[in-house]
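Features reported for this protein in TrEMBL:
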- 18-36: transmembrane segment (TRANSMEM)
- 153-171: transmembrane segment (TRANSMEM)
- 191-216: transmembrane segment (TRANSMEM)
- 236-261: transmembrane segment (TRANSMEM)
- 273-295: transmembrane segment (TRANSMEM)
- 316-335: transmembrane segment (TRANSMEM)
- 347-366: transmembrane segment (TRANSMEM)
- 390-414: transmembrane segment (TRANSMEM)
- 426-443: transmembrane segment (TRANSMEM)
- 455-475: transmembrane segment (TRANSMEM)
Amino acid sequence: MKKMKLFLNLGNSKTDKVIAISLIVTFIMGLFTIVIKQPMSWYDEDTHYSRVLQISNGDFKVIQDEDLSQVGGSISVTENEFIDRSWNSKIINSNYPAVDLFWWNNYSDLSYSSHKIFRASTNTIPNNPIVYAPYVIVALFAKIAKLSPAIEFFFMRLVGFLVFFLIYLLAIRKSKKAKLPLSLLTLVPTIFLTFASITADAYLVSITALFLVYLFEFLRKIKLKENITQKDITSLSFVSILFSFSKMPNFLFIALLLPILYYMYNDKETKKFIYQLCFTLFLTATITVIWYLYVKDVNTGMYWGRNVDTYEQLSYIKSNIIQFVMMLVTTVLSFNIFEFQTAYGNINIYSIPLIIEVLCVVGLYLSTRAQQFEVEVCDKKTQTMNGGKLFNLSSIIIAILFINLVFLMLYLQFSEIGSIIIDGVQARYFIPIWILILLLISYNFKKLKTQLKPIIILVCLPLITYVGYIIAAYLT
């Protein structure tokens, strides 16, 4: 506990104790999840795992028979069987729940093999290989040590969880005014299950938190008229570059550097750093464009057996623009972006009831308003600076664009041509928006004297429900 408080720059207040305890609970739940959660029981975990193996074998974009819906690479025959068996027998074709203590014992007959075969992982090809770095390192080690697929998979989950949870902790450490909401957010099952799974979303969640916190802290320094140093600019530039590797459409958040540049241009003290940040903005944009051009022709919709053609879909939209806009607006407004997804399972017991989700969101909101001692409070004069207003307005606009772009991308890449509905949208795609909202409120709204106990109870309701579901799965 003391070491965690020291690492996160925490004191001895009740709020700081809640932060530390919540993160310890998250850490325990993450490890527990790795042990009990069946392989491939997280969303698209089978194709993310395949993608990791392919990258470790040097295959970044292998197209089978010139079919852009069948893109992937080589994996071993036993790894392929491991994926098929865990996916088909445990998830799809049986009544077996997605939890099983010491699940690796079910695959003890599968050993290491050097014989390779092709496997498609088309839906994960658009993800930059950098996001899989911790998993790839484990895969490379597994080849040297000749680990079985099950043990390899276990260590991938474990190392990935430790790395991405640490990155998220760095975001909490950096933040001055949002430690509590960021910490409590990890108690939401969707978050710790993401960290404990093999998925590109683990990188997305952790690096988004780190990048946005760096931006908000930079702006906080501006509001307080603190000295901006070379270290501040270099750190922000480095985190921005790491962020540019995350999943699309996260690149929209890079635009938040623009209001920062605007302020720096109008300030004599920080103007000397503007060229470095401009170069960072240019570099991140270049990385995004180059990667998009590399993967733009991959047909992820056809991979799922759908009649999808992005260019034909664009033509349909142009011809029916009013109808499409109305459908988009209706779909966005009716979609619950705060749904807490858990895992695949044989029955719907893993769904968190809507009322519990609502109460948890209320608790997270209240946590952003809770007072934190030993934190500087900007006076009214500094809070009305143009730089802050422009940044906040930009954040809101980008959040709206982000949400709409997710729906648009899935309509182009996943929905049938001319479809009157947008398929494939999942609430976990909007986790970056959750983080942005928590930071916007934490850094801009006045803190209130609120009781911590009700907040903790509300936020923990989904966690308690999820644990109850796991216990019920074993008892039935």
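Placed from the backbone N, Cα and C atoms, the Cβ positions cover glycine too.
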Top Cβ-contact partner of the transmembrane segment (347-366) among 236-261, 316-335, 455-475 (pairs under 8 Å):
455-475
Contacting positions for the transmembrane segment (316-335) when only residues 6+ beyond its ends and CB under 8 Å are counted:
403-404, 407-408, 411, 417-418, 420-422, 425, 427
If you count Cβ pairs under 8 Å, which stretch among 18-36, 153-171, 236-261, 273-295, 390-414 touches the transmembrane segment (426-443) the most?
390-414
Three or more CB pairs closer than 8 Å, sequence separation of 6 or more: does that hold for the transmembrane segment (455-475) against the transmembrane segment (18-36)?
yes
Chain residues outside the transmembrane segment (18-36) and at least six past its termini with a C-beta under 8 angstroms from it:
1, 4-5, 8, 10, 99-103, 154, 157-158, 161, 165, 169, 172, 179-180, 183-184, 186-187, 191-193, 195-196, 452, 456, 463, 470
Chain residues outside the transmembrane segment (390-414) and at least six past its termini with a C-beta under 8 angstroms from it:
215, 219, 248-249, 252-253, 255-256, 258-260, 262-263, 300-301, 304, 306, 308, 310, 313-314, 317, 328, 331-332, 335, 337, 422-425, 429-430, 432-433, 436-437, 440, 444
Taking residues 6+ outside the transmembrane segment (273-295), which of them lie with a CB under 8 Å of any CB in it?
61, 125-126, 128, 228, 230, 233-234, 236-237, 240-241, 243-245, 248, 251, 254, 257-258, 260-261, 264-265
